[in-house]
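Here Swiss-Prot flags 1-64 as region 'RuvC-I'. Summarising the annotation, Swiss-Prot assigns Mn(2+) 1 binding site to ASP17, HIS736 and lists experimental evidence as the type of evidence. Taken from Swiss-Prot, the feature Mn(2+) 2 binding site applies to ASP17, GLU505. Per Swiss-Prot, the feature region 'Disordered' maps to 253-273. For 468-513, the entry in Swiss-Prot reads region 'RuvC-II', with the evidence type a curator's inference. The Zn(2+) binding site annotation in Swiss-Prot covers CYS566, CYS569, CYS602, CYS605. The feature Mg(2+) 1 binding site is assigned by Swiss-Prot to ASP581, ASN606, with experimental evidence given as support. For HIS582, the entry in Swiss-Prot reads active site, proton acceptor for HNH nuclease domain. Feature annotation from Swiss-Prot assigns Mg(2+) 2 binding site to GLN586, GLY588, GLY590; the stated evidence is experimental evidence. Marked as region 'RuvC-III' by Swiss-Prot on the basis of a curator's inference: 674-822.
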Amino acid sequence: MWYASLMSAHHLRVGIDVGTHSVGLATLRVDDHGTPIELLSALSHIHDSGVGKEGKKDHDTRKKLSGIARRARRLLHHRRTQLQQLDEVLRDLGFPIPTPGEFLDLNEQTDPYRVWRVRARLVEEKLPEELRGPAISMAVRHIARHRGWRNPYSKVESLLSPAEESPFMKALRERILATTGEVLDDGITPGQAMAQVALTHNISMRGPEGILGKLHQSDNANEIRKICARQGVSPDVCKQLLRAVFKADSPRGSAVSRVAPDPLPGQGSFRRAPKCDPEFQRFRIISIVANLRISETKGENRPLTADERRHVVTFLTEDSQADLTWVDVAEKLGVHRRDLRGTAVHTDDGERSAARPPIDATDRIMRQTKISSLKTWWEEADSEQRGAMIRYLYEDPTDSECAEIIAELPEEDQAKLDSLHLPAGRAAYSRESLTALSDHMLATTDDLHEARKRLFGVDDSWAPPAEAINAPVGNPSVDRTLKIVGRYLSAVESMWGTPEVIHVEHVRDGFTSERMADERDKANRRRYNDNQEAMKKIQRDYGKEGYISRGDIVRLDALELQGCACLYCGTTIGYHTCQLDHIVPQAGPGSNNRRGNLVAVCERCNRSKSNTPFAVWAQKCGIPHVGVKEAIGRVRGWRKQTPNTSSEDLTRLKKEVIARLRRTQEDPEIDERSMESVAWMANELHHRIAAAYPETTVMVYRGSITAAARKAAGIDSRINLIGEKGRKDRIDRRHHAVDASVVALMEASVAKTLAERSSLRGEQRLTGKEQTWKQYTGSTVGAREHFEMWRGHMLHLTELFNERLAEDKVYVTQNIRLRLSDGNAHTVNPSKLVSHRLGDGLTVQQIDRACTPALWCALTREKDFDEKNGLPAREDRAIRVHGHEIKSSDYIQVFSKRKKTDSDRDETPFGAIAVRGGFVEIGPSIHHARIYRVEGKKPVYAMLRVFTHDLLSQRHGDLFSAVIPPQSISMRCAEPKLRKAITTGNATYLGWVVVGDELEINVDSFTKYAIGRFLEDFPNTTRWRICGYDTNSKLTLKPIVLAAEGLENPSSAVNEIVELKGWRVAINVLTKVHPTVVRRDALGRPRYSSRSNLPTSWTIE
């Protein structure tokens, strides 16, 4: 902290650049005039957006895959527990549990359909007393293991009464009729049906092609009732059996006990309300409306009166389906949009509306649901009933009235309930507090801050506790970013003190999942292809040569969409005679260049309208056929022109254009907040950082600001990154740190000027006006002076950044995974094991591929086992595995990936485990690799790849020093020389590495093969990242600084190493140059010691 006190005389500014798979971080020290003095820290942190190798294809996150594995484990555990409880119930009721091999008729022991025959006989005839109990047990236990489907919202009590034959049972009848031609009797049970079919036909019963298919639990419950009736079992005992067989515990509501209490004084007995609760939706709308102010003639801003508030709240809540704008709100209040202030102000809880007014999101979801019966109920229910239903669906399954309503829904509608995605998260207060605050704000002119003071007696400094910066939100990609930002800011504060300014910039997909970002990329590619086709059409059909601008493409699109008619007057226009016009102009410099504000018009209308809103001009222009009603009619006649244009996109565009045509006020001019992001997660991050650093100025900008800033300052040609000068080249990952440094120096006035420049640029390129936007530096003298001063600061920043680059202190970091993670064995179809007769002899390779460690131990402990040749053939051989004797005539099973026709005697051992009667490979689930030096006259180096499976039993200890026994799959897959050295104590354990570790390598001696050719193009590439362990003796490395996305026409060697396989290097070759394993702290500095037992850097000696 001595350094922090020394720095306190200066000013710290932190910049954060959030991307989809990266976070750029930078800390600057500036003087009193804002001139950068020192670049204290600059790094690019690369992350995987929460998606591992197993989920890369479908963009499935680790969280999703681990959730599937966790639920699979819980399901199996729960199923075992339920079956054990069923056995106890059967014993208590006097039904003995049949032991293996015991059966009604010894002649039927090998009959695969015997349990189906028993179920059929129990329904058709009354069995003797001595057979009745075991038979009922067998049938009930079989049904319990295949009990069928039941809607999770229906209770087990619904099965206690007889039910009609389900649609699943009717479908079974149809399948049997189509397959066998047999017509089943009415009232037949599933057991009878299968026994009848199995007796007479050779068909598959289960599986994807099986005839049994899916059954409803009511069908099996009907069979149990018939069995009990036929065998003389009392109704009470029958009901006990039904409850035990079909018992189910719903997980809904299990997390309510962990919800935090209301933080307001006196409200601690209430839990925080879910954000999907209608009461929170109402509170959010009212609290944002309470922030609104109306600018009056004297320059003062007054709050809305109580009547005005109620008027606006009613307007916003009466129709959640409407796409309202703040212009609509202003018109409802009878004021100009420019006089309505406070639309972008945060409430005291950090809530902030986006570009549009707030709506009741829950109400919109319920009114748009495809569950028609629930939608109808919602529209007829009152507010109290709606709130109860939302709580029932979200967290509280105890409401009996709601349960009855859900139970009455058609079964197909009940099945859709799980697809109903309500707003997630928790409000800061309880439902009771939300109601009190909403009612108070609606009845007075108090905002949320004043309402809290009056109702709960808190002072001006009180605020609800905010989440920690790195607290997870549930989205793996966002959680990665939050954790990185939280750790970095904590390290900056610890090292240099509290920053005065923290600026965050994020790309559009920076706070979304990888799947969403990929879908948006696909949409962008489709749009790009459409634009390419439009450019070809303009050149081919209209004879335009040279550069084709975006304005040309938009003009063609508008012309075709409008049917070659001027939108304003209907006159026929052509490509060369039409002009683009902004329906609603923007106050100040620039224009709103969104597609919904651009239409093709004739020269006469464009010249006459000038910079006037269409609705105002249409009333007084005097041109025939010009009017709001006529223009809207033309818009409603639009039809989509390209295959890639969806009907939803066209409907959205038409709705936006119609709204613009009706508007009578010009768009407000760009202000200093115009470039601040309004994305939900950006607001949340802003709120968390501001709560953690209350004295710090925090702003969150859109990504376009940084791009405009780099170009305006001209720094792309001055930064010494790898790649082409004069443009942002993505081949060098350190460009994220550049962006973070740029956004750290951003100021509100400069952001406003940059936004105005971008708006002018778009307007001039679309309309073909003279390109003057590059000379624009501000609308006032002060703004221009400030902009020029900022340019000077940016040039000085480039010098500081280049100094850090020259010193190799702009770091590229990446987190490493040290804890045990789930594999994908539960999702992979097992491969078949290969059988070998024990007496025929086995090679060492076959023994190392033994399907279990116990089998390997038994084989290698034979007296005639040879480490090179394995076991010779011997007819008197006998081994014991898990207490069972295996003789020479018996068969043992081993892993093998070869075809049945190929010999596996020399097949190399590989990572696999036995599951579900087969085996699955576990190659991707290597936890870490241990580096050993094998001592001798000339020491050699080797590595032991440690599979996660071999560490499960030691998951609560030190995984990197855990003993790896000889029978483990890790040791069996290691190099023979290493296995022997470890056994004889001749191997020295030097340290461990994991995927993601950084290696600093002296590459001067690597001049051959692909790596040599790569280094000719990119010399002095000394920092590499471990990407995998290709074999038991080779590492796969890729350069840390270089990114594949920036490659353009690379050589084959560069393409192979950067984008494809990487540099595959033998561990014994690599260790000869004694590389250093570099572990870094949150600021990117190498860590050589740690009091918290964090991984430290070390050199392979």
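Numbering starts at 1 and runs along the chain as it is shown here.
Quick reminder: no glycine exception, Cβ is built from N, Cα and C everywhere.
Projection of Swiss-Prot feature records onto the structure.
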residue	record	DSSP (3 states)
ASP17	Mn(2+) 1 binding site	strand
GLU505	Mn(2+) 2 binding site	strand
CYS566	Zn(2+) binding site	coil
ASP581	Mg(2+) 1 binding site	strand
GLN586	Mg(2+) 2 binding site	strand
CYS602	Zn(2+) binding site	coil
Using the Cβ center of CYS566, CYS569, CYS602, CYS605 as the Zn(2+) site position, which other residues in that chain lie within 8 Å, going by their Cβ?
LEU567, TYR568, GLY570, THR571, ILE573, VAL601, GLU603, ARG604, ASN606, ILE623, VAL626
Whose Cβ, among the binding-site residues CYS566, CYS602, CYS605, has more other Cβ atoms within 10 Å than any of the rest?
CYS566
Within-chain partners of the region 'Disordered' (253-273) [C-beta distance under 8 Å, separation at least 6 from its ends]
279-280, 395-398, 426-434, 452, 456-458, 464-465
CB within-chain contacts under 8 A for ASP581 (Mg(2+) 1 binding site), separation at least 6:
TYR568, LEU598, VAL599, ALA600, VAL601, CYS605, ASN606, LYS609, THR767
Do me a favour and check the Cα-Cα span between CYS569 (Zn(2+) binding site) and HIS582 (active site, proton acceptor for HNH nuclease domain); whole Å is fine.
15
How do the residues of the region 'RuvC-III' (674-822) split into helix, strand and coil according to DSSP?
83 helix, 12 strand, 54 coil
Residues near HIS736 (Mn(2+) 1 binding site) by Cβ (under 8 Å) yet at least 6 apart in sequence within the same chain, in sequence order, are ASP17, GLY19, SER22, VAL23, GLY24, SER44, HIS45
Which residue counts does DSSP yield for the region 'RuvC-II' (468-513) in the helix, strand and coil classes, in that order?
21 helix, 6 strand, 19 coil
What does the structure give for the C-alpha distance between GLN586 (Mg(2+) 2 binding site) and CYS566 (Zn(2+) binding site)? Integer Å is fine.
22
When distances run from the Cα of GLU505 (Mn(2+) 2 binding site) to each of the recorded positions CYS566, HIS582, CYS602, the nearest one
HIS582
Using a Cβ cut-off under 8 Å and a sequence separation of 6 or more, which residues in the same chain sit near HIS582 (active site, proton acceptor for HNH nuclease domain)?
SER591, ASN592, ASN593, ASN597, LEU598, GLU763
Could you tell me the mean pLDDT the prediction assigns to the region 'RuvC-II' (468-513)?
84
Just to be sure I understand the packing, how many Cβ atoms besides its own are within 10 Å of the Cβ of ASP17 (Mn(2+) 1 binding site)?
29
